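Among the features that Swiss-Prot reports, region 'Required for interaction with PRKCI' is placed at B:2-19, with the record citing similarity to another entry. According to Swiss-Prot, the feature N-acetylalanine maps to B:A2, an assignment based on similarity to another entry. Marked as GTP binding site by Swiss-Prot on the basis of similarity to another entry: B:G16, B:V17, B:G18, B:K19, B:S20, B:C21, B:T38, B:G64, B:N119, B:K120, B:D122, B:A150, B:K151. Among the features that Swiss-Prot reports, Mg(2+) binding site is placed at B:S20, B:T38, B:D61. According to Swiss-Prot, the feature motif 'Switch 1' maps to B:37-42, an assignment based on similarity to another entry. According to Swiss-Prot, the motif 'Switch 2' annotation covers B:63-72. Annotated S-geranylgeranyl cysteine per Swiss-Prot: B:C211, B:C212, in sequence order.
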Amino acid sequence: MFGRSRSWVGGGHGKSSRNIHSLDHLKYLYHVLTKNTTVTEQNRNLLVETIRSITEILIWGDQNDSSVFDFFLEKNMFVFFLNILRQKSGRYVCVQLLQTLNILFENISHETSLYYLLSNNYVNSIIVHKFDFSDEEIMAYYISFLKTLSLKLNNHTVHFFYNEHTNDFALYTEAIKFFNHPESMVRIAVRTITLNVYKVDNQAMLHYIRDKTAVPYFSNLVWFIGSHVIELDNCVQTDEEHRNRGKLSDLVAEHLDHLHYLNDILIINCEFLNDVLTDHLLNRLFLPLYVYSLENHGKGGERPKISLPVSLYLLSQVFLIIHHAPLVNSLAEVILNGDLSEMYAKAEQDVQRSSAKPSIRCFVKPPETLERSLEMNKHKGKRRVQKRPNYKNVGEEEDEEKGPTEDAQEDAEKAKGTEGGPAGVKTSGESEEIEMVIMERSKLSELAACSSVQEQNTTDEEKSAAATSSESVQWSRPFLDMVYHALDSPDDDYHALFVLCLLYAMSHNKAPGTQEPSVPGSKGNSVRLTDHHPRTALHPLPRPCTPCPPPAGSALLTPAAGRTPVEVLSSALKQSRVTFAPENTPYLVRLPAISVSYEITNQGMDPEKLERIQLPVPNVAEKTTYNHLLAERLIRIMNNAAQPDGKIRLATLELSCLLLKQQVLTASGCILKDVHLACLEGAREESVHLVRHFYKGEEIFLDMFEDEYRSMTMKPMNVEYLMMDASILLPPTGTPLTGIDFVKRLPCGDVEKTRRAIRVFFMLRCLSLQLRGEPETQLPLTREEDLIKTDDVLDLNNSDLIACTVVTKDGGMAQRFLAVDIYQMSLVEPDVSRLGWGVVKFAGLLQDMQVTGVEDDSRALNITVHKPASSPHSRPFPILQATFVFSDHIRCIIAKQRLAKGRIQARRMKMQRIAALLDLPIQPTTEVLGFGLGSSSSTQHLPFRFYDQGRRGSSDPTVQRSVFASVDKVPGFAVAQCINQHSSPSLSSPSPPSASGSPSGSTGHCDSGGASSSSTPSATQSPADAPTSPEQPQPHLPDQLVIVNEIADSKPSKSSARGAEVETAHLSPSLLPAQQPTISLLSEDAADSLSVESLTLVPPVDPHSLHTLAGIPGPPVPAAGCTATPDEEAACAEH
Amino acid sequence: MAYAYLFKYIIIGDTGVGKSCLLLQFTDKRFQPVHDLTIGVEFGARMITIDGKQIKLQIWDTAGQESFRSITRSYYRGAAGALLVYDITRRDTFNHLTTWLEDARQHSNSNMVIMLIGNKSDLESRREVKKEEGEAFAREHGLIFMETSAKTASNVEEAFINTAKEIYEKIQEGVFDINNEANGIKIGPQHGATNATHAGNQGGQQAGGGCC
């Protein structure tokens, strides 16, 4: 047996593998180990293979034979590993050992096995072993090993790693030393390990972590993040021509990674860790570096600063990602209500006090490396130093001394010991700790209501500083002012976009799940500033959130009484608006500027405005006011965007619309003041004018119009994604060469300007409609649900069909009937179960179709139908590419004409609808419909009509199809009637303009009617500024088309004032053509015989609907439509 | 060990689809697949040769870390290639592909090469997902596709190497910014440096296809 095994070890013969996995083989390997306790050049390979094989057998044993593991335990074989490791045996052996350990811990399934492996501290010895970490492979295996171990951590196993008596937690402390390792995968692993550790709910361990490691780790982490931010800022500052974008986007992604990591820690919701972390983030990073950079009154001096856009951008990210209530509340509170005295006071402090009083709120390098801090910690662990403890002294001068950090921790620990409970962190009464807003717990709760509010944010020093500072008397909010100011910039929207994002992010900041169950007394409005929206979703309406009674919605950490007035105060103070709790206003006067509690953030980061946006219930329900200041600025942006040379990017506009809606839409309707609404309508009008300027008959305009609508609706703005894009950090550019999304830059060239104008129009139109509570009825031009789709079953009894053979590109061949609808062409196959019905095998939009003849075959046509482009820049993708072969030349010509005409007509009709949307005069309808220009144009190619009774009738009952539905019910009937009544050509002749008031004329022009009538709704939508638009009394209108639509609107219930027009606008395009004359092209005498005489008008009108419309002069006359019914039967029969 | 490039991969997919087994199977030939042994590892590295160049693949399994958004996010970002694995005997693992892919697309560098892998192809009798379905999914989303078996080692080699080839091609085309390590690609430590060759000798001799 040995022989065989040996040979396997040496060469690995496949055959012997059966025996490799056995207890015997393990025994043999044990033997090898005992013989080779010393690593030498000679036995190295043997040892490596032995160790590897042991791994394999152990895992096999774990899965198949427990005796294997018993042997391993019995012989204490783990010791051999350790022994080998300690001999500095070189990389090769190290890597093997680490791989073995990885595999062991990854694969072992039995708990007892795991416990054994972990006992005896062997594993900890390996963890602290000083590997050669400069070797990237060793590093990778090592950190993976730690990560694998961390995944095994739980309340039971944690004791194998954390030793309470010696205060050792090698797994954690060794791991965090690599938190800033240059290799990203290593950093990620470190983060994973820390998160896995924090997740374990073991009090002793967590206390250790907080007391002994949290400060060094977090302060270094925060410094690390901040350094990246400064680099990022440099990158923005030094950018030329967007050349730094690659690097910039990495730095931004890195920042996002950090924020997500911090958020993941906070979400674990380990309370005291969160306190320390929040403190560091706020006071060492977010406030001093981000927020204070908002204010640029020079005085900053040496403190590190970043530029305004970067700061706004990063703050938006913070609010979008981090939802830890104490953190975001405090941060928002400073931004919205903080004043300069706070900042300067602190700045002075920084200067004046050196290390005696630790600096407050500044972004400074930790005095020592994390590794060193941890070492010191360990050594000093047992010593009691009687020093002024302060665990936040990381900002001190390096040479001052190293001690304080540890001392502070010790002290904190001590304090915790005495106080116990969750209030642990704070305490020993040092005033400087009070600055840690969030840490205020039990202590503050005892304080008097009002004063407590003040205490929160200020240290003693600050308070005195504030007192002496004259500014504090005035209520100045430099940061908020800055934010507003940035919105005002007339030249471009570089800053405005960030401001909007920031406001959006603040107002959508939502605490996921149960965030702070452990906080005593926390409840209600204090904490969740949010409760609104899931991160990525956009909601037009603010929703009511968890109810929280205003007064009881107490402070997170302090009694409610202290808070509420302040909230009120802040809102009242804002010059503009209504205070909703006037009785509280006196408080305003008494409170110094900085004292507003952070809770306010709930209620109003900004006075009136944010109350609206995010205030939990009380206001949402009975919201009556909004922030006029902000609304006006938003509307100004919209106005600006609608100018021909407006410098507002689409993203900015979209965000403005969102924010405005958020502010003024309530459950019960829109509370926008008339004056603002009028301004907004003005902007909308401007946008209409702007598009008109670009409106051309060109084909491409229609395509762009529809493209833009699609891309706007399919990809609504996601602010979080927007703020992940580094490219917006650079000043807005107009060139597409940068590869920046169209919506995030300015347009370049006429095409893009057109697109932009269209998009602006859509957005403002949509906003306007929503604010009025009106539904969109005219867009999109083609609604998906109105189209014929593959597998629809249609009644073709009255349709004109042309038989053909469809040869697809890949050689497939099929017999089909070609039918041309008003907007679509379709290929149908007779339905076997019902005579005269057909199943749609393909349906494509005529407007996206191309038809060309085939050179050498006069009976064939090449037809391509493209899929509507999903994005403006994507290449058109053909959904059908085929050759249609007809039975003879004539049918081929007819088909070609029909298709070509159909295409033109479909496009024209859509253009007319656009014209209507833009309140443009309708073009002469004759042209569009091909009527009145002579028999050649009038007779041919009018779209064929067939009805899908089953689907249409039932699928969308709410839509105003009833007229046609009724037609649908008796398709044969209507046609028959027509034939009887008017075989005369006269019906086809009336030229629309002359036919005003004449029902027959009107029927002929239903499409233009749809278009023209649609202008009415747009007029009604803007009653304020559209006095020109005629409304109800249609009879007087020269435009008979409107009447048609009125008629068409048979929907009895809904046709209220605006109902009629709106409804018509709603009419699906494919339904409108009911009024279209149709011709059969398949009569026996073929094309030649096609003449006016063959036209028969189909009545578009449901008599009932006519009756419902009083005052409309149109008598229910059956309308045009033409068919030689026998023909299609013949056609069907033919095949 | 000297290499021209180092590519970082991640392996993603539902638990139990055999990610870590694939990883071990590829990175360490010494562990031969046996029917009664399921063995995997979360990290591995291996040298391959493409176009005459030594390329080191470093593969990180992300298993067990899905609960942390920050972690998955960072992993995706730091990788040049991803193997998206499902189990052909479990339909649900196939159904979840869309979610995985969305995640990957959202977080990763847009140039990241993603390979779709239907694992456990040895269990033909229990197959629930047809090969054609995998192919269709891959085609639809522009992925490379392959069915593999970590148990029989079938196609494992190819899966990793084809992914590497694709990345390599992208480098040649200049799509990847190789000076930016955030892409998951690293240029080797000073080509042809003396210590590198030394290490190469040492490792080449010992590493029976192994862990280096």
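The backbone N, Cα and C atoms fix where each Cβ goes, and this holds for glycine too.
Overlay of Swiss-Prot feature records on the structure.
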{"residue": "B:A2", "record": "N-acetylalanine", "Cβ within 10 Å": "20"}
{"residue": "B:G16", "record": "GTP binding site", "Cβ within 10 Å": "10"}
{"residue": "B:G18", "record": "GTP binding site", "Cβ within 10 Å": "24"}
{"residue": "B:S20", "record": "GTP binding site", "Cβ within 10 Å": "25"}
{"residue": "B:T38", "record": "GTP binding site", "Cβ within 10 Å": "18"}
{"residue": "B:D61", "record": "Mg(2+) binding site", "Cβ within 10 Å": "27"}
{"residue": "B:N119", "record": "GTP binding site", "Cβ within 10 Å": "29"}
{"residue": "B:D122", "record": "GTP binding site", "Cβ within 10 Å": "19"}
{"residue": "B:K151", "record": "GTP binding site", "Cβ within 10 Å": "20"}
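The DSSP secondary structure for B:N119 (GTP binding site) is strand. Contact annotation for chain A: of the listed binding-site residues (B:G16, B:S20, B:T38, B:N119, B:D122, B:K151), B:S20, B:T38 place their CB atoms under 8 A from a CB atom of that chain. Tertiary neighbourhood of the motif 'Switch 2' (B:63-72): same-chain residues 11, 15, 19-20, 42, 103, 107, selected by CB-CB distance under 8 Å and a gap of 6+ residues from either end. It is 26 Å from the Cα atom of B:S20 (GTP binding site) to that of the residue listed as 'N-acetylalanine'. Across the residues of the region 'Required for interaction with PRKCI' (B:2-19), the predicted structure has a mean pLDDT of 90. Note: the motif 'Switch 1' (B:37-42) comprises 0 helix, 1 strand, 5 coil (DSSP; helix = H, G, I, strand = E, B). Cα-Cα distance from B:G18 (GTP binding site) to B:D61 (Mg(2+) binding site): 11 Å (rounded to the nearest whole number). Cα separation, B:G16 (GTP binding site) to B:D61 (Mg(2+) binding site), rounded: 12 Å. Calculated from their C-alpha atoms, the gap between B:K151 (GTP binding site) and B:A2 (N-acetylalanine) amounts to 31 Å. DSSP assigns B:K151 (GTP binding site) to coil in the three-state reduction, outside any helix or strand. Residue counts for the motif 'Switch 2' (B:63-72) under DSSP (helix as H, G, I; strand as E, B; rest coil) come to 4 helix, 0 strand, 6 coil. A helical conformation is recorded for B:S20 (GTP binding site) in the three-state DSSP classification.
Taking every pair among B:G16, B:V17, B:G18, B:K19, B:S20, B:C21, B:T38, B:G64, B:N119, B:K120, B:D122, B:A150, B:K151, the residues recorded as binding GTP, the greatest CA to CA distance is 26 Å. A strand conformation is recorded for B:D61 (Mg(2+) binding site) in the three-state DSSP classification. B:D61 (Mg(2+) binding site) sits 22 Å from B:D122 (GTP binding site), taking the CA atoms of both as reference points.
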